[in-house]
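As written in TrEMBL, here are the features:
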| type | residues | note |
| --- | --- | --- |
| REGION | B:32-61 | region 'Disordered' |
| DOMAIN | B:79-206 | domain 'HIT' |
| DOMAIN | B:222-278 | domain 'Aprataxin C2HE/C2H2/C2HC zinc finger' |
Number of protein chains: 2
Amino acid sequence: MAEEIKVHSEEALTEEEIFNQDAPRKKLKVTNAFQQLMNPNKPKPKQQQKPERSTGGNPFKNRMGLGAYLDDPASFPASIVIAHDNEFVVIHDKFPKATVHTLILPRSSKCNLKHPFDAFDDPELLVKVKVQVEKVKSLVAAELQRKLGTYSEAERDRQAVLDGKVDLKPGQDLPKGRDWAKEIKVGVHAVPSMTHLHVHILSRDMHSESLKHRKHYNSFVTEFLVDIDDFPLPKDDPRRRTKEEGYLARDLCCWRCGKNFGAQFKQLKEHLDGEFDKWKRE
Amino acid sequence: MAEEIKVHSEEALTEEEIFNQDAPRKKLKVTNAFQQLMNPNKPKPKQQQKPERSTGGNPFKNRMGLGAYLDDPASFPASIVIAHDNEFVVIHDKFPKATVHTLILPRSSKCNLKHPFDAFDDPELLVKVKVQVEKVKSLVAAELQRKLGTYSEAERDRQAVLDGKVDLKPGQDLPKGRDWAKEIKVGVHAVPSMTHLHVHILSRDMHSESLKHRKHYNSFVTEFLVDIDDFPLPKDDPRRRTKEEGYLARDLCCWRCGKNFGAQFKQLKEHLDGEFDKWKRE
DNA sequence: TATTCCGATAGTGAC
DNA sequence: GTCACTATCGGAATGAG
Ligand SMILES: Nc1ncnc2c1ncn2[C@@H]1O[C@H](COP(=O)(O)O)[C@@H](O)[C@H]1O
Ligand SMILES: Nc1ncnc2c1ncn2[C@@H]1O[C@H](COP(=O)(O)O)[C@@H](O)[C@H]1O
Ligand SMILES: [Zn+2]
Ligand SMILES: [Zn+2]
């Protein structure tokens, strides 16, 4: 069977190289000190009054952070912004949860503040996104090859033939090498935290220092991650009603062998170290 | 009204001064490594098998720690063992929860492993304990005077007259100085953790570095501390059924002004710093 | 289900 | 509700020219 995605390129994930600065920042705050009165009732864990909220806050802070890429994608180096055109900005996730983790940001202001379930009810947008996804999957596959190809047994078998170190037997095909595209997941979070519409494209290994707690992990290995291929999402799909559901509170289970770690995140992390070593050698 | 307890002594809490060593320790362990099998079910937060339990363990470890004082009280310096005779050993709590915190340990092997509620059903023991309590309260009061007397306003008023710096008006009595005995609490925990029978005698300030969490605090400021004067405890006293009661999980409230800190232990601690400064100056 | 800091909570191990 | 250690869980701020 033919590979649909070419994954043997040696290119890294770069298209443009316009350097500039980080996301712009503004500040405007008035700080007032408030006296805390004797409190006869149980205080909620907030103990101080907040200073007055200032008017005219600043863009691209906190949950608005992805807006900076849409606002001026050319201002970022290629190590951050992978590619951009009038329709999309493609970036490296700043806190990658896997060896390769990128985001596709649709630029259209008509849709890019919508919830993905609503935004992708628009078939025109959805088809564009799916086309863009295929392109980015190729880039991510190439990046996996660049980072991990030397460990891969399948790649070594192929390379041995290419290098003339092993001769093909009569009628034998050139070994295919590793199909990295099969190791890539694409989808959106059922309840995103970042405001701007974005699609995750990431390798499935979940091996990353930025993966720091149970919700990080479960948000990519449970139905909380809604595959792009599931769109358009049926009106009655139960994931449309994901709110404070249990997906993220589920037991931690290894994506590769299924082993259950309960709530023991650190134990899972150590196990994932070992699974990563085996996975990259496949 | 006459003071019942003389608290103006300048003696520190010492009676004997036989030095020796800390509680004895022995070791005997066999360590085996066990292979952890793949676990299809949620593990409880224990992840490793324990090594085989060794036979003939060592006394006076962990919850048995108070036994060392009963076993050989003379082996401890006066800075640890305050006094001892055939009936009692009196010690400084190794992790004091207040400025002065001592323990009375009855030596009788007939009672000293009983729960205090059961042990104090014996009227003969109870009366001896109450007599001993009064002696130790005097020692603790003297220790408070030694540590904090210089800060006390009541003490300064008395001392000014004693030093001849202030003259008594006709018919005026010598100021009494501070009644430190009123600042002392005596009782047992409804559910002790240390195995050997012990009575707490401590100042009420709860100002100590060893006071580290909510249960420490609430175990001395709620009904979890059963006053020695409440014994003999009625058979139907609800505190006899203290097990998983809510005493220790209660909101943190300042013993001095009643302010409620909810679960905010650190906030309470900072508040207690201030209360201690005011309290010691009374 | 943004990150980061900080603190409260919870389980274990104690030779 | 021994202590000490680790880790998990949980709220609140996130900005000072
Ligand atoms: N400033 C940022 N730049 C790039 N990626 C970000 C930034 N802040 C957060 N992220 C990523 O954005 C994603 C948002 O996830 P979610 O909103 O749950 O779909 C996460 O994977 C974050 O790591
Ligand atoms: N080795 C020890 N020497 C002296 N006091 C101790 C020792 N270990 C624990 N304690 C104290 O013993 C008391 C036991 O409290 P409880 O069993 O809750 O009544 C606590 O106040 C501890 O600080
Ligand atoms: Zn596994
Ligand atoms: Zn107070």
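Just so you know, glycine gets a Cβ as well, placed from its N, Cα and C.
Unlike curated entries, TrEMBL annotations are predicted automatically.
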May I have the DSSP-based helix, strand and coil counts for the residues of the domain 'HIT' (B:79-206)?
47 helix, 26 strand, 55 coil
On average, what pLDDT score does this prediction assign to the domain 'HIT' (B:79-206)?
98
Go ahead and report the DSSP secondary structure tallies for the domain 'Aprataxin C2HE/C2H2/C2HC zinc finger' (B:222-278): helix first, then strand, then coil.
24 helix, 5 strand, 28 coil
